[in-house]
Amino acid sequence: MTSRSGGTQRGSRSSAARARSAHSLSATPTLRRSAAGSLPLSKDDAGVPGRVRVAVRLRPRNQEELVEDADFADCVELQPELKRLRLRKNNWDFDTYEFDEVLTEFASQRRVYEVVAKPVVESVLEGYNGTVMAYGQTGTGKTHTLGRLGEEDTSARGIMVRSMEDILASISPQTDSLSVSYLQLYMETIQDLLDPANDNIAIVEDPKTGDVSVPGATSVDIRDEHSFMELLRIGEAHRIAANTKLNTESSRSHAILMVHIRKSVVQTGAETSSSSQLGKSFKPLVRKGKLVVVDLAGSERMHKSGSEGHVLEETKSINLSLSALGKCINALAENSTHVPVRDSKLTRLLKDSFGGTARTSLVVTIGPSPRHRGETASTILFGQRAMKVENMLKIKEEFDYRGLSRKLEMQLDAVIAENERRQKSCNDELERISIEAQNRITEAERNYSHAFEREKLKYQMEYMDSVKKLEEKLMNCQSKHDHDVPAGKTCNGQMNGSEEAMELKRLLQNETRLRHETEDEANRLRSQLEQFMQSEDGGALEICNLRRMLEDEIDQKRKLEEEIAMLRSQLLQLTFNSDQMRRGSNGDGFSGLDSLMSQFRNSQINETGNGQKAPMTSLFEQVGLQKILSLLESEDASVRIHAVKVVANLAAEESNQQRIVEAGGLTSLLMLLRNFEDETIRRVAAGAIANLAMNEYNQELIMSEGGIGLLSMTAADADDAQTLRMVAGAIANLCGNDKLQKRLRSEGGIKALLGMVRCGHSEVLSQIARGIANFAKCESRASTQGRKTGRSFLIEDGALPWIVQNANNEVAPIRRHIELALCHLAQHEVNAKDMINGGALWELVRISRDCSREDIRSLAHRTLSGSPTFRSEMRRLRIDL
């Protein structure tokens, strides 16, 4: 929004500044005092600072709220991207608060678990204590957030079930243990939900460590998710609930789920006891973590819940324990020397969660209904104070030599068995390879021997045949041609025989060479077999080297993670210092006013210790309402302007409105509109009248004193957008009164609204659209009840063209109010023809299909389906819903 007028603007800015200041202070990691007083923490007791993390979750509108009225004005506006919440004070003023997480009504159960509980569960698995708690009014969804089982729809599972799933997935059944206790705190008595006969369990506090426990509670070992779900079903069956006006199944007790985890870990560190020992030593550790999930019973006012009899006594007990918890958180947030933890058993059980050694995450649940704005504001302030509480997180671990010994024995047995299996496998493989090699050598030798014998026999036979043939030829030659055959030919025959002998000798040498090669191949196979046997011994040495390298990598990774954590902490500190240097202070004062105005200003800006403004009752006692109203007639223009701003601020609080009217403040404000032309006075006076017009009794007084005429004149004369916004807001509030419809129209209220359209400012148009929607809603109600007949006054005064033109406006508030106005106008058959001629039918069809709000979309669909005129026209135009 643009700048607001006068004190309203200052009040909104101061609220936002306080929220930012609280957030920055709570985000600063400061160390709290030890249990011994102002003495510093010892080395053994030192912990890690951890602020309580707070998330706010908005419940969707329930069926009852949807049925009451389609024009439902939420009193809460969420800005999740900025982690900010705005709580409506009146039509245009909000209080702004910042949280660690802001969850809309559309946030899934998985999203809620990941931002609220998962960091706590991870810390518990690392050896810290952790607490997840839900706080809020009855019926805002605390049990749905924490304890929903989700048996039919797994996406609806709550934090208890999802936490146990992560825990079971992160522990080992062989080395770790997990046990669960389920309790309820009812009428200041601790009862066991797993054993209803055990109904008066004592709280025990360790005098040395200060840890709180309930040793008398039933503890069940959990091995799987099924057994945990069965345990939750048994506990929920024994939990006490009752039917109230605020919730049909209202929990009448605080439910506490305690999960104890004992997890074995092994850490490595450099051995420094002996210089001769290099490497790393193993430290056996057992980390003990405790997760506490607390589903608080809802706070409620007795006249709203309709509690009677025994339920009334239960309500008193619930409110007393929640009040004690609030006092403890206030004391911790203010760093008080005394924290009243013994005022209630609930605060004793949660001693470790707020200001103790546990990592705590709180989800505050709120509803959107403006009827419960007081409860919603109280819940939000509880979360704001909880964000200022600082815990000192301490890891809980101890050496477990027996467990390590058992683990090492099991590992040694496994290694021995594995070594035996490998040795046997290696021996079998060596034997197989030896036999195979020997068989191959034998086969090769046999083959080569046979081949050599065959070739040798063959060549011997050929040699003998050749020699025999040569001898025969020689004898024939000598007998026949002893003298005739030339000497040269005889020499040639001898030479051929010698060549054949040489060839036989060469073949014999080749066979000998092949045999030597076969012997070399056999020797090579024997050497390969020996090398394979030696490689088995080298593999074991290589495995040891790889293990040593892996351990070095793990140690290096741990060191890098420590350096990253240190750098992050330094970055947070530098960010905080820069924010401190940028933060400035804004002054506010009235220059030139008398001492009475200075006294009033000082009373206005004083704040109480918990961050709220001082009550207006004390302000009246200090200054006096009559004195403030008398300043409205001051001749000093500056005094008059500041006085009307003060009255406007007072009128913003519902508790002051009746006193202002009884003291004549309404008459004085109307006189200012009539007699003064100063733009500032008219703007602030119109804003104060708009605040007073939120009350039905005041609306009738404004009309009886001619207020609508004065507002109409101001709307016609003013050009300032902020003045027109105030006037439009006042008329819009008057449009929502059923009794003033005819008079409002006859005195020009509708004409004044439509006349302000000339401004074109989005905030002015939003107020005009809201007034038209309120007027159309009241007309629709009067027509249904038979108190009005005939066409709508809005249509008769020419508002329909502007309504159709802005039905799809890009500004969401304008579009939403116009869509509602169209739906209300279309509910009565007498307006149907005018709306068809004016083009409203097409907008109604679009709303029934594309509207982002389901209630408006269904209302448009029902209206079109139930009107004969609209149905006939849609059949003619071939339009299907």
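One is the number of the first residue shown, and numbering goes on along the chain from there.
Yeah, the Cβs are placed from backbone N, Cα and C, and that goes for glycine too.
Annotations in TrEMBL come from automatic prediction, not curation.
Noted in TrEMBL for the protein shown:
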BINDING   G136, Q137, T138, G139, T140, G141, K142, T143  ATP binding site
COILED    501-577  coiled coil
COMPBIAS  1-28  compositional bias 'Low complexity'
DOMAIN    51-389  domain 'Kinesin motor'
REGION    1-44  region 'Disordered'
REPEAT    623-665  repeat 'ARM'
REPEAT    664-707  repeat 'ARM'
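Structural mapping of features recorded in TrEMBL.
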| residue | record | contacts (Cβ under 8 Å, 6+ apart) |
| --- | --- | --- |
| G136 | ATP binding site | K142, L296, G298, S299, V364, T365, I366, T379 |
| T140 | ATP binding site | R59, G298, T365, I366, G367, T379 |
| G141 | ATP binding site | R57, R59, T365 |
| T143 | ATP binding site | A134, G158, S251, A255, D295 |
Quiz prompt | For the repeat 'ARM' (664-707), distant same-chain residues with Cβ under 8 A (at least six beyond the ends) | solution = 5-6, 8, 90-91, 625, 629, 632-633, 637, 640-641, 644-645, 647-648, 651-652, 654, 657-658, 713-714, 718, 720, 722-723, 726-727, 729-730, 733-734, 737, 739-740, 743-744, 747
Practice problem: Sort out for me which one of Q137, T138 has the most neighbouring CB atoms within 10 A, since those are the binding-site residues we care about. | Solution: Q137
Exercise. For the repeat 'ARM' (623-665), would you mind checking the mean pLDDT of the predicted model?
Key: 79
Quiz item: Taking the Cβ of G139 (ATP binding site) as the centre, how many other Cβ atoms fall within a 10 Å radius?
Solution: 23
Quiz item: Including all protein chains shown, what's the count of other C-beta atoms within 10 A of the C-beta of K142 (ATP binding site)?
Solution: 27
Exercise. Could you tell me how many residues in the repeat 'ARM' (664-707) are helical, how many are strand and how many are coil under DSSP?
Key: 35 helix, 0 strand, 9 coil
